[in-house]
Each structure stands twice: as C-alpha cells, then as structure tokens.
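Listed in TrEMBL:
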DISULFID  41-48  disulfide bond
DISULFID  109-125  disulfide bond
C-alpha cells in the first residue's frame with residue numbers, strides 16, 4: 001500500500017495511496033473505513049488526500065525535475081521502518097543505480113523501538129528520534145552539528 005505525498009508548493013498527484021503488487025498496475029476501489037497497521041495516513045480511505053504517513057514508515061523519496069532538471073531518489077528511515085524498499089530505475093540508461101533498504105529491520109529491532117501487533121509480532125521499528133524525542137537522537141540543540 002504505497003502512500004505518496006507531493007512536496008509543499010507542488011501540484012498534487014491524482015492518487016496519494018494505492019495497492020501495488022509486483023508487476024501490477026494500481027487499482028483504487030474501497031468501501032468503508034480503510035486503516036493500515038503501520039504508516040496509516042488517517043484519511044480512512046486508500047487515498048491519503050495529501051496527508052503523510054504516521055511514523056514509523058519506510059520512505060522512498062523522489063525529486064522529479066529538481067536542481068538542474070535532474071531527478072533524484074533515495075530511501076529514508078528517518079521516520080522509522082515498516083517495510084523493506086527497493087527502487088530500481090527503468091528505461092533510459094542514465095547510470096542510475098538501484099537503492100534499497102532490503103533487509104527486514106523489524107527482525108532486529110531493539111525492543112524499546114518496536115511496534116507490535118497484539119500477538120507480539122514486530123510490525124515496525126521506530127527511529128530513536130520518534131521513540132525518545134531527545135536532542136542526541138533528533139540532531140537538535142547542542143547536537144545540531146555534523147561534528148558530533
């Protein structure tokens with residue numbers, strides 16, 4: 001269930017959340033209230049309507065026609081981890097490489113960061129920033145420098 005969010009000041013895209021199986025095209029049909037176990041956007045629908053995911057959430061970030069007209073992409077776990085992600089460029093040969101966070105971080109998540117189902121299964125892993133909200137984990141205050 002990828003959720004997409006357009007950056008501030010940019011035109012919105014037609015759908016902001018959808019089901020996407022390997023090799024499939026998205027299909028947007030839903031009735032009733034839709035809720036994700038992790039990274040829900042709290043819209044009650046498959047579409048997020050411009051809302052971002054509630055952390056923890058693995059992020060694939062794309063900048064299209066950015067600086068100098070270039071496209072950029074990365075994988076970010078700054079908001080925690082819930083699913084493995086792999087981005088592999090297709091089409092024209094531009095020298096772009098795949099990027100991923102393919103290992104299941106949930107399998108090795110520290111218990112103090114774990115988000116669990118009622119049965120105890122770890123389904124997501126919070127970032128230390130999210131879990132503890134302390135300057136040393138949030139790169140704030142005296143820790144707001146690359147020197148530390």
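Any Cβ shown, glycine's included, is placed from N, Cα and C.
Cβ contacts within 10 Å of residue 125 (disulfide bond), excluding its own Cβ and spanning all protein chains shown: 24.
Over all protein chains present, the Cβ of residue 41 (disulfide bond) has 25 other Cβ atoms lying within 10 Å. Same-chain residues at least 6 positions away in sequence with a Cβ under 8 Å from that of residue 109 (disulfide bond) are, in sequence order, 81, 122, 124, 125.
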